[in-house]
Amino acid sequence: MTAECCGYPISIFFIVVNEFCERFSYYGMRAVLVLYFRYFLLWDDDLATSIYHAFVALCYLTPILGAIIADSWLGKFKTIIYLSIVYAIGQVTMAISTIHDITDANRDGTPDNFTFHIALSMLGLILIALGTGGIKPCVAAFGGDQFQEHQSRQLNTFFSVFYLCINAGSLLSTLITPVLRAQECGIHTQQQCYPLAFGVPAVLMVISLVVFIAGSGMYVKTDPEGNIMWSVCKCIGFAIKNRFRHRSSSYPKREHWMDWANEKYDKLLIAQIKMVLKVLFLYIPLPMFWTLFDQKGSRWTLQATTMSGDFVSILISTVNPILILTLVPIMDRLIFPLIQKCGLNFSPLKRMTVGMLFAAMAFVSAALVQIEIDKTLPNFPSSSESQLKVVNTYSTTLNVTISPNEHLLIESFGVQLHTSKHTYSTISCMFVNDFSLIHGEQWCEFSRKFGFGASYTFLIPSTVFSDDCESITEVEDMKPNSVHMALQIPQYFLITTGEVMFSVTGLQFSYSQAPKNMKSVLQAGWLCTNAVGNIIVLIVAELGKLPKQWAEYLLFASLLVAVSIIFSIMAYFYTYIDPAEIEAQVRKEQGLEPEEMEKETLEMEEKDEDQKNEQGVKQTKI
Ligand SMILES: CC(C)C[C@H](NC(=O)[C@@H](N)Cc1ccccc1)C(=O)O
């Protein structure tokens with residue numbers, strides 16, 4: 001009997017606090033990672049972005065490793081502890097790699113040995129990816145394990161609270177770590193404080209581990225049942241081989257292709273594999289959702305830069321977790337109960353389908369915003385066109401004749417501009433608020449706010465050469481971005497509503513449909529759909545894009561609608577199961593008590609080890 005509070009096992013308190021600290025650690029570190037690559041290691045944009053994405057992809061590929069370790073070898077509890085230690089060591093290594101004083105022998109404020117810092121930070125990142133990805137499928141499944149059969153309602157609420165903690169942790173850290181980086185610190189010279197920005201996530205990871213260990217005495221711990229993954233692979237391999245051997249029509253058909261393993265493998269194992277495969281098959285279309293979801297951080301961010309408003313980075317990094325924190329309780333307490341009261345069966349797979357449709361709508365909204373933006377953007381000359389600006393500073397009309405081969409454009413970028421008679425210049429200013437022109441002998445200081453995306457020409461009269469700054473006239477060549485960023489809110493709202501329906505439900509579904517000994521494996525399968533979605537985004541970004549951005553958004557929306565139709569058909573044929581019930585039924589059919597069953601499984605495995613040669617297979621077949 002586990003200790004309870006308000007119907008919930010007390011142990012889950014430690015698990016959700018652990019998740020909060022871990023996500024704080026992960027997202028906090030991620031928020032300053034590209035800045036560290038760019039401004040500390042001095043990598044260019046391309047290298048910094050590629051390594052960042054490779055790291056994120058790795059974080060979503062390692063769950064399968066953690067799940068195998070947990071379900072086949074160490075069990076979830078020990079796997080979480082060991083991999084959290086690896087994770088914390090990774091975070092500390094990463095924080096140490098950002099201390100410039102370690103190699104700054106000449107005390108000029110920059111590291112002297114970049115190889116040292118790069119090697120240390122790469123080691124740190126690999127350990128972090130192993131840790132964060134490895135524990136991810138185990139923590140959610142371990143949380144689920146704390147509930148007993150009569151607590152199914154609380155179990156669903158747990159997954160929502162778990163998701164809230166993920167987003168509360170990520171929200172706080174995304175706000176805090178960039179501020180920490182902006183501080184100055186150092187032993188010999190004062191520099192931007194990366195050690196603090198990476199150090200705080202490292203401390204949070206240690207706290208996360210301590211909190212998890214503190215709950216040790218209260219957890220329900222399930223031991224792994226031998227090397228289950230190896231048994232699963234061998235059983236599937238045998239079923240395929242056996243099916244192939246009996247391909248002739250003279251052999252009677254079997255209900256399921258896995259039944260071809262009946263001759264050699266335990267019925268319970270076969271039943272469990274069938275459950276897992278059924279769910280994994282259902283997951284095939286799911287990466288498409290993440291393909292759209294993950295473009296929040298890329299295409300939508302770029303879209304925001306062509307809009308007006310000053311809160312770009314804050315909006316982008318915090319709007320998703322803020323909406324999650326608002327929408328999860330609204331959905332759980334209001335919308336879902338209301339739908340249920342109306343007599344509608346809003347089953348998990350239906351919720352996930354609706355979630356996909358919301359994501360598709362978000363992209364339609366993004367396309368509409370893009371059309372509005374496109375209306376306001378200037379037309380730039382294409383590779384086969386030229387654009388010419390003629391600045392007439394005389395009071396009368398001038399006739400201009402241009403020879404087709406002559407290049408007339410004289411352009412000067414920057415804030416200091418020297419002018420001479422008969423010369424005119426165009427100043428392209430972006431994000432510059434103060435600048436000065438040397439006009440005659442005098443510096444003319446300007447202080448004005450330039451709109452994002454605007455282009456200005458400053459006309460310095462060539463006829464009058466005096467110290468008169470007033471005579472400089474300003475022409476706005478391109479208007480500042482005028483479509484406000486607030487217009488992106490509907491698309492963020494729609495995609496986050498989709499996330500709540502899709503992702504929170506997917507988390508619950510993956511747990512509830514998995515057999516007891518493969519809970520982490522199915523969680524890892526679920527997380528893998530995210531990894532595949534991320535990889536699709538990378539491929540799409542490499543392959544290039546449609547000439548019109550709005551058309552690309554609509555294409556993605558249509559693809560997701562098509563995928564959600566396929567998914568809803570697959571879901572229609574899916575029958576929800578209670579894995580515990582099926583397991584009990586198989587045991588009953590075999591006339592075995594649970595303990596006897598486990599004994600038999602072990603015996604089967606031992607026998608299996610002995611039957612390595614073909615002869616053995618043939619004998620069991622007879
Ligand atoms: C669902 C994901 C695979 C993983 C999950 N992510 C979230 O819950 C996001 N809403 C968090 C987030 C935070 C900041 C900016 C964008 C997204 C998780 O991290 O476990």
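Using the three backbone atoms N, Cα and C, a Cβ is placed for every residue, glycine included.
If you look up TrEMBL, you'll see 54-74 (among others) marked as transmembrane segment.
According to TrEMBL, the transmembrane segment annotation covers 80-102 (among others).
The transmembrane segment annotation in TrEMBL covers 114-135 (among others). Outside the transmembrane segment (114-135) by six or more residues, the chain places 22, 26, 29, 36, 40-42, 55, 58-63, 65-66, 69, 79-80, 83-84, 86-98, 100, 102-103, 527 with a CB less than 8 A from a CB of the stretch.
Here TrEMBL flags 155-181 (among others) as transmembrane segment.
Within the chain, the transmembrane segment (193-215) has long-range Cβ neighbours (under 8 A, six or more residues past its boundaries) at 11, 13-15, 17-22, 24-26, 28-29, 32, 36, 40, 80-81, 84-85, 87-88, 91-92, 94-96, 98-100, 173, 176-178, 180-186. What TrEMBL lists as transmembrane segment is 193-215 (among others).
Annotation comment: TrEMBL describes 275-293 (among others) as transmembrane segment.
Annotated transmembrane segment per TrEMBL: 313-331 (among others), in sequence order. Distant neighbours of the transmembrane segment (313-331): 31, 160, 163-164, 167-168, 170-171, 174-175, 178, 296-297, 300-301, 304, 485, 488-489, 492-493, 495-497, 499-501, 504; these residues of the same chain sit at least 6 beyond its ends, with a Cβ under 8 Å from one of its Cβ atoms.
The transmembrane segment feature in TrEMBL is assigned to 352-371 (among others).
Annotation source TrEMBL lists transmembrane segment at 489-509 (among others). Sequence-distant contacts of the transmembrane segment (489-509) (same chain, six or more residues past either end, CB-CB distance under 8 Å): 140, 155-156, 159-160, 162-163, 279, 286, 289, 292-293, 296, 300, 319-320, 323-324, 327-328, 331, 348-349, 351-352, 354-359, 361-363, 365-366, 369, 523, 526, 529.
If you look up TrEMBL, you'll see 521-541 (among others) marked as transmembrane segment.
Away from its own ends, the transmembrane segment (553-577) comes close to residues 275, 278, 281-282, 285-286, 288-289, 291-292, 295, 299, 347-350, 352-353, 356-357, 359-361, 363-364, 366-367, 370, 513, 546 of its chain (Cβ-Cβ under 8 Å, at least six residues beyond either end). Positions annotated as transmembrane segment by TrEMBL: 553-577 (among others).
Feature annotation from TrEMBL assigns region 'Disordered' to 588-622.
Summarising the annotation, TrEMBL assigns compositional bias 'Basic and acidic residues' to 599-615.
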Practice task
Flag the pair the transmembrane segment (521-541) / the transmembrane segment (155-181) as in contact if three or more Cβ pairs fall under 8 Å (sequence separation 6 or more).
Solution key: no
Exercise for the section: Using a Cβ cut-off of under 8 Å, list the residues of the same chain at least 6 residues beyond the transmembrane segment (54-74) that approach it. Expected result: 26, 30, 33, 80, 82-83, 125-126, 128-130, 132-138, 141, 224, 226-230, 517-521, 523-525, 527-528, 530-531, 534-535, 538
Handout entry: Folded-back contacts onto the transmembrane segment (275-293), same chain, C-beta under 8 angstroms, at least six residues removed
Key = 232, 258, 349, 352, 355-356, 359-360, 362-363, 495, 498-499, 502, 506, 509-510, 513-515, 518, 521-522, 525-526, 528-530, 532-534, 536-537, 540, 556-557, 559-560, 563-564, 566-567, 570-571, 574, 577, 579, 582
